[in-house]
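Annotated features in TrEMBL:
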type: DOMAIN; residues: 17-68; note: domain 'P-type ATPase N-terminal'
type: TRANSMEM; residues: 62-84; note: transmembrane segment
type: TRANSMEM; residues: 262-286; note: transmembrane segment
type: TRANSMEM; residues: 306-331; note: transmembrane segment
type: BINDING; residues: D377, K378, T379, E468, F509, K532, R565, T645, G646, D647, R780, K786, N809, D810; note: ATP binding site
type: BINDING; residues: D377, T379, D806, D810; note: Mg(2+) binding site
type: DOMAIN; residues: 832-1086; note: domain 'P-type ATPase C-terminal'
type: TRANSMEM; residues: 863-884; note: transmembrane segment
type: TRANSMEM; residues: 896-916; note: transmembrane segment
type: TRANSMEM; residues: 946-970; note: transmembrane segment
type: TRANSMEM; residues: 982-1001; note: transmembrane segment
type: TRANSMEM; residues: 1008-1027; note: transmembrane segment
type: TRANSMEM; residues: 1033-1050; note: transmembrane segment
type: TRANSMEM; residues: 1057-1080; note: transmembrane segment
Amino acid sequence: PDLNPIENLWAELRKRGNGIKTYKYNALTFIPLNLFEQFKRAANLYFLALLVLQIIPEITTLPWYTTLVPLVLVLGITAIKDLVDDLARHRMDNEINNRKCEVLLDGRFQVSKWMNIHVGDVVRLKKNDHIPADILLLSSSNPNSLCYVETAELDGETNLKFKMGLKVTDERLQEEGQLAQFDAMIVCEEPNNRLDKFTGTMRWRKERFPLDLDNMMLRGCRIRNTDECHGLVIFAGADTKIMRNGGKTRFKRTKIDELMNYMVYTIFVILVLLCAGLAIGNTFWYEEVGSKAWYLYDGKDQTASYRGFLSFWGYIIVLNTMVPISLYVSVEVIRLGQSKFINWDLQMYYQEKDTPAKARTTTLNEQLGQIEYIFSDKTGTLTQNIMAFKKCTIAGHTFGDPANPVDFTWNKYADRKFEYLDHSLVVCIRSKKDKDTLEFFKLLSLCHTVMVEQKEDELVYQAASPDEGALVTAARNFGFVFLSRTQDTITISEMDQEMTYEVLALLDFNSDRKRMSIILRFPDGRIRLYCKGADTVIYERLSPNSKHKEVTQTALDIFANETLRTLCLCYKDISKQEFDAWAKKHKAASVAMSNREAALDRVYEQIESNLMMIGATAIEDKLQDGVPETIAKLAKADIKIWVLTGDKKETAENIGYSCKLLSDDMQIHYGEDVNEKLRIRQANRRDQPPAFGRTRKKVPDPFFPEPGRNALIITGGWLNEILYEKKKKRRRLRLKRLGKRPASATPQDAAQPIDDWEKETRQVDFVNMACECEAVICCRVTPKQKANVVSLVKKYKKAVTLSIGDGANDVNMIKTADIGVGISGQEGMQAVMSSDYAFAQFRYLERLLLVHGRWSYIRMCKFLRFFFFKNFAFTLVHFWYSFFNGFSAQVAYEDWFITLYNVMYSSLPVLLVGLLDQDVNDKLSRKFPKLYLPGQQGALFNYKNFFISLFHGIFTSLVIFFIPYGAFLQTMGQNGEAPSDYQSLAVVMASSLIFTVNMQISLETSYWTFVNCFAVLCSIAIYFGIMFDIHSAGIHVIFPSTFTFTGVASNALRQPYLWLTIILTVGITLLPVICIQFLYKTIWPSVGDNVRPAEEKSTPFQRGRRSRRSAYAFSHSRGYADLIASGRSIRRRPATSYRVGLV
């Protein structure tokens, strides 16, 4: 009875196939679906409703094409953009779906397309092949069915990962015939997006075999260093983990976007109020005048109220241009241009890696000019994440003082890229007299999880982290060369003498242990444990008889002050009896079915004790070029920088000093101080009357009333306690270990929040305190905590935030911030793939914000202010004209002028200002960071600026209507005729408006180019050219009802009187603007006018008074211990023949 559901599920899975579909449209759905999406926008829907109103004869006051032409242009441009994007997705899908792969069909492997692969198929993959689906690895040409994969497309990591087939499939499924007979059943989890987890069971030949992620090769990976492998398709197509992770990215909007939408709503409200007022005016006018004038009788028996109602809708049509239809398209064009400028900026191009800057979004550029807080990762973002072995201390002697570069030509295995500057260490090693020095480098060559392969007579190391690779490479150059390993042996060359050691156990690193160990049997039968780890965990496990503890500690402090990453090395000799007893416990823990990791950790603790110190290493993770200067410039722009890192407090603090984020005149506050200050503030709040405490809105007292500069350094553990994420138990345990007593000034429950309101006020207090500091460093924080810190600042400070990082652990933070920046560095490309902007070096952030961000903000603000102004000036002329036409919804201009005004006559100059304008050049923008302040304050575009544009538009429309009206009131032309007809008035007002808006934008332009000049002149020329064409007799003959202004332009514009009227109108509209600009430049200068170079005062270096200990920053993932200690030989076994059943 259970077979039917299984068969149905199997049939459904086989039907789904492996083809992917990321495109949105096809030939049939493009037009309806795209239009549906576009009409979700309120503005487009509004203009569609207007178009419908214009079709109704009783209401319409304008021809339908005045709305249709701009609407079709807007919809068409957007549709073309969407079509281009979707065609690119089509091409990508077709390219991927048509890739070739070998699939087992009818008992033999045949070439098939990816789209034709189904769940349950057996596939054969070769070196450098892309993996087509989520596949269970069955066997490979490597020993133990080992297969190396590159996961750069999946998680951004560039170092190779290994996958391993089950022992049973490795032994029985090597040949084509054996694979054809494979008839196992796989029971596994449902398709999901967890890239780090897979759980399943294989039932085969009455046995069950557990499956996990190490047995799975996921789609998006690529086969490396493996000639051939076979696999079974588990998930295909949309069910694969990479496709399940292709969810929608969080939609980000700029502050200007939100403000712009509110302003459009404001305009709509103003429009409705104006139309209602004019409709009421029409009602009264008809009762008082219209109904009594026999010559105005239209034969319709309609009441005054009904006529007023129709007039309301008529004015909605007439004044519709107050809501700008082309605004959104123009904004998108400007943003696209700004993004291209970022992409083309050669000063943000990193030649060493051929990496240009990349704007991965086109919707956030102006927000780059409003950043208030930057949240930065440390390793790989501020530092290069390229580790170099710099110094070491061995048995109390420190090596590494700079001298001449060491010559390693005596060592045939030496890495030619390796550099070291202290020749005395090489002399000490080559003399072979100092046993401690030899033991030091022997430990480095043996205690690791590095994998090695031979490439063209060169040793190539694959390390789990850059730190570990640097240490093994250092040992290699000093004569202790790691050559090869198997599951139970490791072979090294000790000063040209090859030695093989038996590996008895490998105790791998994890983030809780902060150390790794290896237990070896020497050729002479001795058993020794080698261990390396962070100083804090090693010193707790040293034997009382261990030498050199104090002198090594002193050296560690010196290394820390030099911002080096340190690691302690030690050993322990173990008797055979002690090891045998421990090995039994280790075996029992390694096969435990529940809490296996905890059981292994307890067993590891037992053997890793009473260690003997050998010395310590110091690795340099260099700062990226220009980091201190960039941070200093951004600080002058009033941008606060917070460093959020997973590294140790000491390491992070010292990097803070080296990059000038921290200085010696700062008062540094740690987690304990912060918690105490917050506890006191909370207790004071509780002592206040409940109503008063919860409703007061006054500005809180500062946390640091003393004068001086403050900095905050806090760990992830303290962050949890401060924000009430975890209980206080951990804190009490930590204080107990330090020999302190927890503060108990308040009752036991006083440290915990009473309710959600108190928890929220605690968070507000923490954010306020942190924002009072000039620098904040959060260390030992998880990716989730990084995102939480960013969210807190966004939530309580309403500030614009930017996150910058280079690793997978920064993705959460990058997606949470208003702007996410990815560094294409050593840790892969996942941060870049999740970012809004990407470049290769931290120093480019200065140019991105202070130049491109500031320019984009200024340009967009100027564009929006002028766009609103020109539309108000254009539309409100109809309003003034209404007082002279009985509020009859008669238009003041010719119909085609209304249609083309925003599309052709006034769009290009303002668009170019939005694309090209500069108040100062890029050098001055970087030289004077204070120029960035107006963007942070939102000073250039807000409701104040909006209403200034509104009143400027009202003034301009008044002048444009009433001066020509007054001039036409009593006029006599040269030929004795009075050119005071309605059509001539419309031409004069339209001409005055075109001259006014184009000259107005000329006054607003700060940076003139040939293109700007051409655009202004071209716009005026296009206006006159089109006007004379549509006023010609020829076009009137063809379309008599559409083009009714026959000969008006040529007749009106040959009158000097009317040209003088146009000049007078334009002069009066521009004169107040010129005067106001002059006054602002001289009496109320802007920030740019006030900025002066500040003298740089250099302060002497004072770093000797503090002693800070650094530690090895264990930020890498688990090593290759699971592979090495898998219980199988890494040497190739002879193929064995098995008879298996066919599927």
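Numbers run from 1 along the shown chain.
A Cβ is built for glycine as well, from the same backbone N, Cα and C atoms used for every other residue.
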Across all protein chains in the structure, which of the binding-site residues T379, N809 has the highest Cβ count within 10 Å? T379
Using a 10 Å cut-off on CB atoms, tell me which of the binding-site residues R565, R780 is the least crowded. R780
Round to the nearest Å and give the CA-to-CA distance linking G646 (ATP binding site) with D810 (Mg(2+) binding site). 10
Per DSSP, what is the residue count of the domain 'P-type ATPase N-terminal' (17-68) in each of helix, strand and coil? 27 helix, 0 strand, 25 coil
The transmembrane segment (306-331) touching the transmembrane segment (896-916) per 3+ Cβ pairs under 8 Å rule: yes
Min neighbour Cβ count (10 Å) across binding-site residues D377, D806, D810 flags D377
Tell me, roughly as an integer, the mean pLDDT over the domain 'P-type ATPase C-terminal' (832-1086). 88
Among 306-331, 982-1001, 1008-1027, 1057-1080, stretch most in contact with the transmembrane segment (863-884) (C-beta, under 8 angstroms): 306-331
Test of understanding: applying the rule of at least three C-beta pairs under 8 Å (pairs 6 or more apart in sequence), is the transmembrane segment (982-1001) touching the transmembrane segment (1033-1050)? yes
Give me the Cα-Cα distance between R780 (ATP binding site) and D810 (Mg(2+) binding site), rounded to a whole Å. 13
How many whole Å apart are the CA atoms of D810 (Mg(2+) binding site) and D377 (ATP binding site)? 7
Contact yes or no, the transmembrane segment (946-970) and the transmembrane segment (1057-1080), 3+ Cβ pairs under 8 Å, gap 6+: yes
Give the distance between the Cα atoms of R565 (ATP binding site) and D806 (Mg(2+) binding site), rounded to the nearest whole Å. 19
Tally Cβ pairs under 8 Å between the transmembrane segment (982-1001) and each listed stretch (62-84, 306-331, 1008-1027, 1057-1080), then give the stretch with the top tally. 1057-1080
Measure from the CA atom of D806 (Mg(2+) binding site) to the CA atom of D377 (ATP binding site) and give the result in Å, rounded to a whole number. 8
Across all chains shown, how many C-beta atoms besides its own are within 10 angstroms of the C-beta of G646 (ATP binding site)? 24
Six or more residues out from either end of the transmembrane segment (62-84), which same-chain residues have a Cβ under 8 Å from its Cβ atoms? 24-25, 30, 34-35, 37-38, 44, 47-48, 50-51, 54-55, 317-318, 320, 325-326, 328-329, 332, 891, 895-896, 898-900, 902-903, 1042
F509 (ATP binding site), number of other Cβ atoms within 10 Å: 24
If you pair up every Cα among D377, K378, T379, E468, F509, K532, R565, T645, G646, D647, R780, K786, N809, D810, the residues annotated as binding ATP, what's the maximum separation in angstrom, rounded to an integer? 29
